[in-house]
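Student: Take this structure, written in structure tokens, and hold onto it; I'll ask about it next.
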Amino acid sequence: MAMIALKCPEIQVVVVDINEARIAAWNSDKLPIYEPGLDEVVKAARGRNLFFSTDVTKHVGEADIVFVSVNTPTKTQGVGAGKAADLTYWEGAARVIASCSTSSKIIVEKSTVPVKTADAIEKVLRRNCKHPGVQFEILSNPEFLAEGTAIEDLTAPDRVLIGGKDTPSGRAAVDALASVYAHWVPRERILCTNLWSAELSKLTANAMLAQRISSVNSISALCEATGADVQQVAKSIGTDSRIGPKFLNASVGFGGSCFQKDILNLVYICESVGLQAVADYWHQVILMNDYQKQRFVEQVISAMFNTISKKKIAVYGFAFKKDTGDTRETPAIDVCRGLMADGARVCVYDPQVEDSQIYQDLGTAKFEWDHPTPKSAPVSKDAISISHDPMEAAKDAHAICVLTEWDEFKAYDYQKVYDSMVKPAFIFDGRNILDHAKLREIGFIVYAVGKPLDPFLQKVY
Ligand SMILES: NC(=O)C1=CN([C@@H]2O[C@H](COP(=O)(O)OP(=O)(O)OC[C@H]3O[C@@H](n4cnc5c(N)ncnc54)[C@H](O)[C@@H]3O)[C@@H](O)[C@H]2O)C=CC1
Ligand SMILES: O=C(O)[C@H]1O[C@H](OP(=O)(O)OP(=O)(O)OC[C@H]2O[C@@H](n3ccc(=O)[nH]c3=O)[C@H](O)[C@@H]2O)[C@H](O)[C@@H](O)[C@@H]1O
């Protein structure tokens, strides 16, 4: 919305949220999320044609176009728990829109939703609007930005996707929304489809992106078993232009708020229409991701003589990727839990993530985090500590686990780090970002995902 406000000065944009603390932060000097370049965009438009408010009914009532971007988490209970998308917040938003609309509106699905959601939302809107003559035209306009590169992605998107009904009013609504984006996006990049294609394209895009990571991660395990190098393999296959080099970095596993929930949602939809084989196929992407995180933990334990009990392990990076403070579904949660379950004393350092977030994440059950009041149990402060200094985090530690690819991790003085650690000192590079040859020269035992194993780490059968 900030980008639309920046690029379309004649359009008034009001962002409304029921969360007062978030709106207060959007109106302050410290925005509630860390996203490179976002501060500048917000500051350029805020107070001009970009406003943040908790007065949902007033601003929705006055709007011609309403973008609905509420959360669509995985259900935690009831039918479809653990897979289906929970549309409670979406339905709640639709009811509010219906109750406060005195004029016709275009309703834009910006959240990622199951295919056919527009049908359900239309029913809620139609049945709840008290004003005769008010019409709602629903469009699907899924968002493809990635966190950490959101401003770049929004400035020059590969495509903008708009799905609408093939009726005169549907086509007019699609044109109206397309003309907003056309302020800065070339027309040929604005793709117009039917509603169901747009909804399903979003889930499929995320599933196929995540599938690439699970595919290369599955091969990383085979590389370790055979002496192949996953980065060499990724480069070799990625130079085939039909495959391409992007999104082929082996890692400790993918995280983020969307891949897992969207694939599970796709799996559930397939099951609901009786396509079990299709559901199983996509579910394997998630299972491979779980396997990759578990495999990493097992590698740490086995390398350190099958016992990490009471050993201090420094974790470098808690965010799900670099350049964001977001920790939703970060692989660090499962890895830290795995290490703590084996008795390790974990000390986390992350340049952006708040301490309270780390404690909350480690104490919150799966799928709970994306609901407004997640149930969270306190975690033992003996098992987990947080440091704001990477040197201090590594001091007296037996091992360092690199779980996020923050650039600053490459620039540390690892001789100094090594000197302060217990020997043998281990580094487990879950992102393949460090200079492994140099670390070995210093004296570290190095494990890197999908790389030939140090003789020290090779299992003796
Ligand atoms: N985070 C991302 O990078 C991307 C997210 N998406 C999709 O966008 C949607 C939102 O994602 P996020 O922004 O990450 O979630 P979020 O949880 O950070 O934000 C959702 C906001 O909606 C508010 N909300 C809930 N019900 C409301 C209501 N009835 N009225 C007003 N506000 C209400 C919540 O208070 C919350 O601040 C999800 O469907 C997600 O899959 C899509 C592409 C990228
Ligand atoms: O629907 C969404 O929310 C968004 O989900 C992803 O974006 P995001 O989750 O923000 O971040 P990604 O860059 O996709 O990274 C996801 C995870 O995969 C990991 N990853 C990524 C690339 C890679 O090669 N290897 C790898 O392990 C990242 O470290 C991270 O944990 C998609 O890339 C966006 O297009 C989409 O809009």
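The backbone N, Cα and C atoms fix where each Cβ goes, and this holds for glycine too.
Note that the structure is a prediction, hence the values are computed from the model and not measured.
Pulled from TrEMBL, these are the listed features:
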- CYS258: active site, nucleophile (ACT_SITE)
- ASP17, ARG22, 70-74, 111-112, GLU147, 258-261, ARG328: NAD(+) binding site (BINDING)
- 314-436: domain 'UDP-glucose/GDP-mannose dehydrogenase C-terminal' (DOMAIN)
Student: Output: those recorded positions from THR72, THR74, THR112, CYS258 whose CB lies less than 6 Å from an atom of ligand 1, in sequence order; none if no residue fits.
Tutor: THR72, THR112, CYS258
Student: Relative to the Cβ position of THR72 (NAD(+) binding site), how many further Cβ atoms are located within 10 Å?
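Tutor: The answer is 24.
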Student: Could you check which of the recorded positions ASP17, VAL70, THR74, CYS258, GLN260 have their CB within less than 6 A of ligand 2?
Tutor: CYS258
Student: If you run the three-state DSSP split on GLN260 (NAD(+) binding site), which class comes out?
Tutor: helix
Student: At a 10 Å cut-off from the C-beta of THR112 (NAD(+) binding site), count the other C-beta atoms across all protein chains.
Tutor: 22
Student: Calculate the per-residue pLDDT averaged over the domain 'UDP-glucose/GDP-mannose dehydrogenase C-terminal' (314-436) and state the result as an integer.
Tutor: 93
Student: Could you check which of these binding-site residues, ASP17, VAL70, THR112, ARG328, sit within 10 Å of the residue listed as 'active site, nucleophile', going Cα to Cα?
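Tutor: Taking ASP17, VAL70, THR112, ARG328 one by one, the ones whose Cα falls within 10 Å of the residue listed as 'active site, nucleophile' are THR112, ARG328.
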